[in-house]
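Okay, structure first, notes after.
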Amino acid sequence: VGFKAGVKDYRLTYYTPDYPTKDTDILAAFRMTPQPGVPPEEAGAAVAAESSTGTWTTVWTDGLTSLDRYKGRCYDIEPVSGEDKQYIAYLAYPLDLFEEGSVTNLFTSIVGNVFGFKALRALRLEDLRIPPAYSKTFIGPPHGIQVERDKLNKYGRPLLGCTIKPKLGLSAKNYGRAVYECLRGGLDFTKDDENVNSQPFMRWRDRFLFVAEALFKAQAETGEIKGHYLNATAGTCEEMMKRAVFARELGAPIVMHDYLTGGFTANTSLAFYCRDNGLLLHIHRAMHAVIDRQRNHGIHFRVLAKALRMSGGDHIHAGTVVGKLEGEREVTLGFVDLLRDDYIEKDRSRGIYFTQDWVSMPGVLPVASGGIHVWHMPALTEIFGDDSVLQFGGGTLGHPWGNAPGAVANRVASEACVQARNEGRDLAREGNEIIREACK
């Protein structure tokens with residue numbers, strides 16, 4: 001009774017400018033570019049509908065549930081300054097729409113279906129506000145920043161790493177040799193490249209064994225705890241877990257996962273294992289630029305960073321600001337804070353659309369990696385501070401005297417910059433002089 005078939009504008013149901021958002025709502029900020037002739041209110045409402053309870057036509061089963069309780073809402077729209085016919089649409093989703101502890105379900109709902117919508121020329125998810133009522137259902141980082149420092153017994157400075165190069169083609173024994181030389185020279189970590197899994201030239205078990213030998217030899221010689229990010233990423237979750245188990249049996253302190261290519265479900269499963277078994281979890285963001293590089297379409301990395309903090313990871317690559325890969329300083333610092341801090345205020349100048357309260361969820365160490373070397377050390381120390389991992393691949397292995405001297409150069413430069421900063425010197429102005437003094 002009362003059902004009337006037909007198609008009606010989305011905005012009649014899903015555009016609600018008077019809606020007062022709730023503390024438990026998941027809030028989203030979408031940058032949308034509607035097709036010519038499509039009003040922004042209709043476009044915003046269409047996104048809200050298609051990412052929650054709506055479809056293209058009225059259906060009689062709408063009468064069997066409460067749309068007011070379950071529907072997403074577009075509650076505000078603002079034009080983007082300097083952009084023609086581009087808008088920020090603010091959406092609110094009731095918490096009941098999402099499975100607890102599942103980034104997979106969260107993304108399937110909010111971004112799973114709306115990006116190919118005809119009414120839109122382009123759509124980009126700029127930010128999400130995750131309420132504590134939802135974030136508390138996630139595992140979060142297996143250990144977090146403070147526990148990692150306690151495990152490693154390393155405080156008061158950035159951690160230093162190196163990606164072993166060439167990334168593909170080395171035998172397991174030569175790979176282990178490069179690991180040993182870098183760790184002996186003073187680095188805290190070495191790293192499998194993201195596409196090092198288990199290829200014909202170097203099967204994963206052989207690599208793990210030679211790396212473990214290098215790890216323990218370097219530890220014995222330096223008296224410091226060392227780590228190598230053993231990449232457990234595999235074609236199946238079962239194989240991934242087998243590799244993580246073997247890493248634990250070898251006594252390795254940390255494993256690695258490519259969380260976007262491996263998937264959120266696999267990542268969360270690995271995070272649970274790492275927490276239960278005392279392994280740190282390093283996360284690489286391979287494939288992120290496919291999703292986040294276009295300014296008008298896709299998902300901003302700050303959203304992927306929040307998703308990773310919930311799904312689970314102790315480190316994640318976060319750009320460098322100064323190296324070979326793209327990254328704007330203020331925006332990068334915005335999502336670095338979203339990774340590390342407990343409470344982050346809304347700050348549009350840094351791309352943060354919503355205040356985010358992580359409550360007691362541990363933080364994630366941002367990893368600066370990609371085209372950096374010792375002359376970048378003052379800027380990196382100033383930009384990222386102590387709670388970070390600075391990772392020099394070619395910046396270590398490209399040293400003219402070899403791998404170990406390259407590692408020594410990075411360690412000396414880092415400690416010189418930290419000491420100079422602690423003495424009150426201006427790293428931005430005096431950085432080159434500080435590095436030259438350290439070389440003597």
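Cβ coordinates come from backbone N, Cα and C, glycine included.
The candidate list Ser66, Ser360, Ser369 contains one residue that Swiss-Prot assigns to the substrate site with Asn113, Thr163, Lys167, Arg285, His317, namely Ser369. Each of the recorded positions Lys4, Lys165, Lys191, His284, His317 was scored by other CB atoms within 10 A of its CB, and the lowest score goes to Lys4. Proximity to Lys191 (Mg(2+) binding site), judged by a C-alpha distance within 10 Å, picks out Thr163 from the recorded positions Lys4, Asn113, Thr163, Arg285, His317, Ser369. Residue environment of Glu194 (Mg(2+) binding site) contains 21 other Cβ atoms, counted within 10 Å of its Cβ in all protein chains. Checked against Thr163 (substrate binding site), the recorded positions Lys4, Asp193, Glu194, His284 differ in C-alpha distance, with Asp193 being the nearest. The Cα of Glu194 (Mg(2+) binding site) lies closest to that of His284, out of the recorded positions Lys4, His284, His317, Ser369.
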